[in-house]
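Written out below as C-alpha coordinates is the structure these notes cover.
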Amino acid sequence: KEGYIVNYHDGCKYECYKLGDNDYCLRECRARYGKGAGGYCYAFGCWCTHLYEQAVVWPLPKKTCN
(Lines of atoms letter the chains of each structure in order from A and count residues from 1; the text may use other names and numbers.)
(Lines give C-alpha, C1' and ligand atoms only; values in the text may rest on other atoms or scores of the structure.)
Protein backbone atom coordinates (compact mmCIF):
# COMPACT_ATOMS: atom_id res chain seq x y z
CA LYS A 1 0.00 0.00 0.00
CA GLU A 2 1.05 3.60 -0.49
CA GLY A 3 -0.44 7.04 0.03
CA TYR A 4 -0.04 10.51 1.48
CA ILE A 5 0.79 10.77 5.18
CA VAL A 6 -2.02 12.66 6.91
CA ASN A 7 -2.32 14.79 10.03
CA TYR A 8 -4.97 13.07 12.18
CA HIS A 9 -6.08 16.37 13.77
CA ASP A 10 -6.91 18.45 10.69
CA GLY A 11 -7.04 15.90 7.86
CA CYS A 12 -4.30 17.68 5.86
CA LYS A 13 -1.45 16.01 3.99
CA TYR A 14 2.08 16.67 5.22
CA GLU A 15 3.35 19.37 2.85
CA CYS A 16 6.75 19.38 1.19
CA TYR A 17 8.41 21.61 -1.38
CA LYS A 18 11.51 19.73 -2.56
CA LEU A 19 9.99 17.28 -5.04
CA GLY A 20 11.41 13.77 -5.41
CA ASP A 21 13.84 12.41 -2.83
CA ASN A 22 13.10 14.26 0.37
CA ASP A 23 14.67 13.55 3.77
CA TYR A 24 11.76 15.13 5.66
CA CYS A 25 9.17 12.91 3.97
CA LEU A 26 11.27 9.78 4.40
CA ARG A 27 11.76 10.56 8.10
CA GLU A 28 8.04 11.28 8.69
CA CYS A 29 6.87 8.18 6.80
CA ARG A 30 9.24 5.95 8.77
CA ALA A 31 8.27 7.57 12.08
CA ARG A 32 4.57 6.90 11.41
CA TYR A 33 4.67 3.59 9.54
CA GLY A 34 7.95 1.93 10.56
CA LYS A 35 11.50 1.72 9.27
CA GLY A 36 10.46 -0.43 6.29
CA ALA A 37 8.48 2.46 4.81
CA GLY A 38 9.78 4.70 2.07
CA GLY A 39 8.85 8.29 1.38
CA TYR A 40 9.34 11.10 -1.09
CA CYS A 41 7.71 14.38 -2.11
CA TYR A 42 5.04 14.04 -4.80
CA ALA A 43 2.75 16.90 -5.87
CA PHE A 44 3.88 18.89 -2.79
CA GLY A 45 2.75 16.23 -0.32
CA CYS A 46 4.74 13.48 1.43
CA TRP A 47 3.98 10.19 -0.33
CA CYS A 48 4.74 7.04 1.67
CA THR A 49 5.48 3.63 0.16
CA HIS A 50 5.77 0.02 1.40
CA LEU A 51 2.99 0.44 3.98
CA TYR A 52 1.00 -2.28 5.69
CA GLU A 53 -2.54 -2.71 4.30
CA GLN A 54 -4.30 -1.16 7.32
CA ALA A 55 -2.14 1.98 7.30
CA VAL A 56 -4.21 5.18 7.54
CA VAL A 57 -3.45 7.59 4.69
CA TRP A 58 -5.06 10.71 3.19
CA PRO A 59 -7.97 11.39 2.82
CA LEU A 60 -9.51 10.78 6.23
CA PRO A 61 -13.23 10.00 6.20
CA LYS A 62 -15.35 12.95 7.39
CA LYS A 63 -12.29 15.17 7.96
CA THR A 64 -11.44 17.77 5.35
CA CYS A 65 -8.28 19.80 5.43
CA ASN A 66 -9.04 23.39 6.44
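Cβ atoms are placed via backbone N, Cα and C, with glycine included.
Here the candidates are Cys16, Cys25, Cys29, and Swiss-Prot names Cys29 as the disulfide partner of Cys48. Checking Cys41, Cys65 against Swiss-Prot, the residue bonded to Cys16 by a disulphide is Cys41. Among Cys46, Cys65, the one Swiss-Prot lists as the disulfide partner of Cys25 is Cys46. Cα proximity to Cys25 (disulfide bond) (within 10 Å) is found for the following recorded positions from Cys12, Cys16, Cys48, Cys65, Asn66: Cys16, Cys48.
Of all the disulfide-bonded residues listed (Cys25, Cys46, Cys48, Cys65), Cys48 sits in the most crowded Cβ setting, with the most other Cβ atoms within 10 Å. In this view, Cys29 (disulfide bond) is surrounded by 28 other Cβ atoms within 10 Å of its Cβ, with every protein chain counted.
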